[in-house]
Amino acid sequence: MDHLPIFCQLRDRDCLIVGGGDVAERKARLLLEAGARLTVNALTFIPQFTVWVNEGMLTLVEGPFDETLLDSCWLAIAATDDDTVNQRVSEAAESRRIFCNVVDAPKAASFIMPSIIDRSPLMVAVSSGGTSPVLARLLREKLESLLPQHLGQVARYAGQLRARVKKQFATMGERRRFWEKFFVNDRLAQSLANADEKAVNATTEHLFSEPLDHRGEVVLVGAGPGDAGLLTLKGLQQIQQADIVVYDRLVSDDIMNLVRRDADRVFVGKRAGYHCVPQEEINQILLREAQKGKRVVRLKGGDPFIFGRGGEELETLCHAGIPFSVVPGITAASGCSAYSGIPLTHRDYAQSVRLVTGHLKTGGELDWENLAAEKQTLVFYMGLNQAATIQEKLIAFGMEANMPVALVENGTSVKQRVVHGVLTQLGELAQQVESPALIIVGRVVALRDKLNWFSNH
């Protein structure tokens with residue numbers, strides 16, 4: 001280990017920055033956020049420094065580097081574009097045993113500045129030891145996505161409750177279980193973010209009053225249409241907090257690789273016309289695991305409330321009194337159309353879009369007359385096996401036979417394939433495509449030749 005990570009208490013302590021440009025401004029912003037009493041020494045200053053002076057936030061000393069400014073300092077930063085000046089600052093600080101950071105010259109510095117994730121009072125610092133700042137920044141961005149913006153408020157509130165927790169729970173094990181419940185409680189986090197004091201108090205009292213071995217909860221999470229980059233931040237956070245993940249065939253391997261390593265995984269995949277696990281059994285799996293006190297994530301492709309039977313699963317939990325929540329996902333219609341260069345609505349061609357199930361039950365009948373109307377886009381989910389029927393019915397109820405159609409297979413993934421033609425070819429085109437696939441019908445499909453971008457990458 002070349003550098004020891006430490007967190008400095010700089011509030012009301014003298015610090016010096018030498019330099020008045022953009023880099024110095026970024027460093028000054030960090031020190032000001034930490035509460036430092038800051039002096040900036042430079043020949044010239046960008047306008048932001050004048051703003052800070054007018055607000056009484058720092059002191060400017062215009063002119064060449066004056067090493068006597070270091071005499072009362074706790075910490076210094078050399079941030080000029082002159083290597084000679086930066087070296088002088090470093091040597092002067094070293095002679096006074098003052099820690100000094102030299103921008104872009106880690107070997108000349110006695111400390112380096114990490115990439116920072118600020119969820120005060122929670123702070124995360126990422127450093128490559130000065131060898132690869134870009135790598136540190138990329139790692140910071142990944143970690144940013146895992147930590148909710150309101151996490152700092154939750155941590156601060158936890159500090160206010162420490163004495164009460166210590167008083168109410170006698171053992172370390174009890175306290176640990178309480179804090180585990182506390183930090184994964186979405187209702188509390190959202191109430192704190194909304195500054196809803198009444199809801200915060202109610203949720204807090206509930207946490208203190210319920211047994212520590214209470215029943216678990218289920219979070220219904222939409223995984224999006226395939227591309228792992230389309231999983232929402234909240235969805236990612238939930239699957240990384242799960243004790244068990246119950247998932248289906250439409251959840252990609254890339255997304256499953258993001259699941260917490262020690263979480264149990266239960267596959268309940270389905271295919272049209274064949275159910276690996278009956279829906280009632282899935283409902284019972286969710287119920288049984290939650291009753292064991294586990295945090296269960298039901299992970300579904302697309303959005304769980306759009307042809308995902310999410311409502312049915314939650315009704316079972318609701319009847320049993322199991323707490324649940326829902327994290328929406330990008331539905332296949334939105335993701336597949338965007339990655340195919342097909343806008344679902346367009347001022348000239350479609351003023352509405354209709355999402356339709358093609359998985360028709362025996363005796364079921366769609367409102368074909370309205371579906372065949374002009375100026376709209378139709379998106380059929382699970383429609384491959386019914387493609388010939390969809391073609392026949394739409395034409396019979398007045399849709400033009402040459403209406404553009406597209407079938408999107410494995411949408412948004414690297415395996416995406418788009419087959420397109422006109423309505424009279426729909427049944428034939430469906431024979432060329434494998435599930436999972438989406439059928440899009442409407443004049444907007446003709447825009448694909450202009451707007452297709454994904455296949456070019």
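Glycine too: its Cβ is placed from the backbone N, Cα and C atoms.
What Swiss-Prot says about this protein:
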- D248: active site, proton acceptor (ACT_SITE)
- K270: active site, proton donor (ACT_SITE)
- D22, V23, L43, T44: NAD(+) binding site (BINDING)
- P225, G301, G302, D303, I306, T331, A332, M382, G411: S-adenosyl-L-methionine binding site (BINDING)
- S128: phosphoserine (MOD_RES)
- 1-204: region 'Precorrin-2 dehydrogenase /sirohydrochlorin ferrochelatase' (REGION)
- 216-457: region 'Uroporphyrinogen-III C-methyltransferase' (REGION)
- Task: Provide the number of Cβ atoms within 10 Å of the Cβ of A332 (S-adenosyl-L-methionine binding site), excluding the reference atom itself.
- Result: 28
- Query: Counting all other Cβ atoms within 10 Å across every protein chain shown, which of the binding-site residues V23, L43 scores highest?
  - Reply: V23
- Query: Can you give the largest Cα to Cα distance in Å, as a whole number, for the residues P225, G301, G302, D303, I306, T331, A332, M382, G411 that bind S-adenosyl-L-methionine in the record?
  - Reply: 16
- So S128 (phosphoserine), by the Cβ count within 10 Å over all chains shown, scores 17
- Note on the structure: Greatest Cα separation in angstrom, residues D22, V23, L43, T44 binding NAD(+) per the record, works out to 15
- Note on the structure: In this predicted model, the region 'Precorrin-2 dehydrogenase /sirohydrochlorin ferrochelatase' (1-204) has a mean pLDDT of 91
- Message: Distance check, please: Cα of I306 (S-adenosyl-L-methionine binding site) against Cα of the residue listed as 'active site, proton acceptor', rounded to an integer number of angstrom.
- Response: 15
- Note on the structure: Same-chain residues at least 6 positions away from D22 (NAD(+) binding site) with a Cβ under 8 Å from its Cβ, in sequence order, are I46
- One should report the C-alpha separation between S128 (phosphoserine) and V23 (NAD(+) binding site), rounded to whole angstrom, as 19
- Whole-number Å only: compute the distance from the Cα of the residue listed as 'active site, proton acceptor' to the Cα of V23 (NAD(+) binding site). 49
- Message: Nearest by CA distance to G302 (S-adenosyl-L-methionine binding site): which of the binding-site residues is it, out of V23, L43, T44?
- Response: V23
- Other same-chain residues whose Cβ falls within 8 Å of the Cβ centroid of D22, V23, L43, T44, the recorded NAD(+) site, in sequence order: G19, G20, G21, A24, E25, A42, F45, I46, A79, T80, D81
